[in-house]
Amino acid sequence: MNSSSIQRKILVTSALPYANGPIHLGHVLEGIQTDIWVRFQKAIGNECYFFCADDTHGTPVMLAARKEKITPEQLIERVGQEHYTDLTSFGINYDNYDSTHSKANQEISKDIYLKLKEKGHISKRSIEQAYCEKDRMFLPDRFIKGTCPNCNSKNQYGDNCEVCGATYNPKDLIDSHCTLCGTPPVVKNSDHIFFKLGNFHKKTEQSNVDFDLQSWIETSEAVSESEGVKKKLKEWFDAGLQDWDISRDGPYFGFEIPSEKNKYFYVWLDAPVGYMASSKNFFEKNFPNEPNKFDSFWKDKNSEIVHFIGKDILYFHTLFWPAMLEGSGYRSPSKIHVHGFIGVNGEKMSKSRGTFIKAKTFAKFLDAEHLRFYLAAKLGPGMDDIDLSFDDFVNKVNADLVGNLINSVSRVSTTILDTLDRTLGTVSEEGLALLEEILTQPVKTGTRDDSIQNIIKTAYEQRNYAKVMREITRLGDRVNRYVNDNAPWKLIKENPEKAREIVTAVLNASRFLAIYLYPVVPKISEQIYKLLNLKGSPEFKDLDKSRILEKTKINPYEMITKRVDEKAIKVMLEENKQSEHPKKEEIPKSSNKEEGIEISIEELSKVELRVGEIVEAKPVEGADKLVNVKVDLGELGIKNVFAGIKIAYQPENLKGLKVVVVANLKPRKMKFGISEAMLLASGEGESLSLFVPHKDAKPGDRLK
């Protein structure tokens, strides 16, 4: 972490949500990750701004508006409001949330293009494209379907086959058709405009600029944190950087390219420029007397520009975007932080499986601060995917947030404090020792000791939020032990002033923990501040013994947050599923199987159900439905199981999952090996769901 006391100037962005769909938990993950970092920077006194916008251009937006019989402008205005409402409901606090369909964005996009053209970074050439004569438009690859030329799978997109993975030219599709009207497309030539990306790679013959992308990536710290990112970038450099098609033919919703007829900027040119436009609109409105405010970030490398993105848009942000900026007189980003995807209950987000969770539905039934807390506990600095396991979510929030960090506040803020006229006393030597543990306790970090405060600050800076949460939770445990050891509910009867000392120490400790927690759960931290009769938002400069509260009045206690209600999760998941798949009337299936056969308790007792933990999972070659798992059953050892669950679970997501196992099943010889047990599951097809034990079950535990 930069330990300098000089205030840093930081401009932060998160990726732009596309205006053709609802906000889902993937968007929320990135928004929360970015917001935590921004709140931390502001809380330690840096000048930091957070910008985003709706990504509004492209064929899908144009066609969606046409389908609704409204203009694209009407569509993006409505969707933009919906997106902003959904994202901010999770406490994501933008300094400005804009739209890429703005005058500022058009002006900056035009300026960048003309400067690139002037410096020889733009070329034009004719290309072949699919054209629908009925709709009178050139078709993007995703608006063409047909039979794969490689494996003959039907209903595949124009650029790649989802069955065999082959990539191809749209004209190679068999029996191709326009997805809008079903008409077979024809091939037409069209002049397209290209950005000569190879000019910014010195290993290519045409390179003629000072800025070299590969050198920038290898020598700067912009994208150096993840081995996965560096490996992927090396692959792209080794393959050679190709010219990038930055134009689209009309009809197209976007900005027209200067001096070109019926040509529009491809959405990926003006989308990242939206970061700049959002900041420009904000600075002009809020700093009217500082006309150079925009340039002080986008042209001055003494400031910092930090992008948070998902790993699926790495190519655009690490290659095209910095080259466009440097080639047009602006500066390249300081940092590009890349995160992974979010899964739900061990699966990828999927509409068909009901795991594609919309932000609006989640926030309707569950506390958004709880999700912030949970995601922070899972997020590290790399681009690993994370999983939202709702069982783990319940346990983590109820135990670590409510049962630990909030519990220490509520235990001393109700009846005990009422008896003490809701007034703090002074902090005893023992209480001061507790506060020093929270503020300055030395902790071993590698070969040296560092204070707990610096460790937490450094972890925030490095986006290692999981480490932040571990340290804060550990401190919360310490405060609760202090409460237990001193039992103020007993002291209040024998020695009220001693009880007042205990309460004073605990509430000061809670105040300091609220400061540490503020970037993660701002509302909860502000509620603790309100309880303590403190004005404003928590700031890290108050993490000091000189800020201890003594002999002050404390406000009446109000509920800070509730435990997670598991019923609310079930209702949320069901409503989310129904919104994606409206319930259809089902025709009852006839069945020859006997149902409702009764068995005796003696027969049931023969079945040995135990908790197992999957320690290994892999697909079975030649078996589409099977997954080969090894299950740890505690004292019974590890058993080999072939389970027909592949339609619902990807093997790579199963490791570490606790399941219910029929442990005493007679081993069964199968074509692929011996299966020694059975995993319990319910449902069919993609709705199949493994039974997962509740709470802290251990491998080998027997079900009763």
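Every residue, even glycine, has its Cβ placed from backbone N, Cα and C.
Under the heading motif ''HIGH' region', Swiss-Prot lists 17-27. Sequence-distant contacts of the motif ''HIGH' region' (17-27) (same chain, six or more residues past either end, CB-CB distance under 8 Å): 54-56, 58, 60-61, 64, 75-76, 79-80, 82-83, 86-87, 310, 341-342, 344, 349, 356-360, 362, 388.
Taking a C-beta cut-off of under 8 angstroms and a sequence separation of 6 or more, Cys164 (Zn(2+) binding site) has the following same-chain neighbours: Cys148, Asn150, Cys151, Ser153. Feature annotation from Swiss-Prot assigns Zn(2+) binding site to Cys148, Cys151, Cys161, Cys164.
The motif ''KMSKS' region' annotation in Swiss-Prot covers 348-352.
DSSP gives Lys351 (ATP binding site) a coil state; it is part of no helix or strand. The ATP binding site feature in Swiss-Prot is assigned to Lys351.
Shown for the domain 'tRNA-binding' (603-704): DSSP residue counts in helix, strand and coil, namely 12 helix, 46 strand, 44 coil. Swiss-Prot lists 603-704 with the feature domain 'tRNA-binding'.
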_Residue pair Cys161 (Zn(2+) binding site), Lys351 (ATP binding site) - Cα distance, angstrom, rounded_ = 20
_Within the motif ''HIGH' region' (17-27), residues counted as helix, strand or coil by DSSP_ = 3 helix, 2 strand, 6 coil
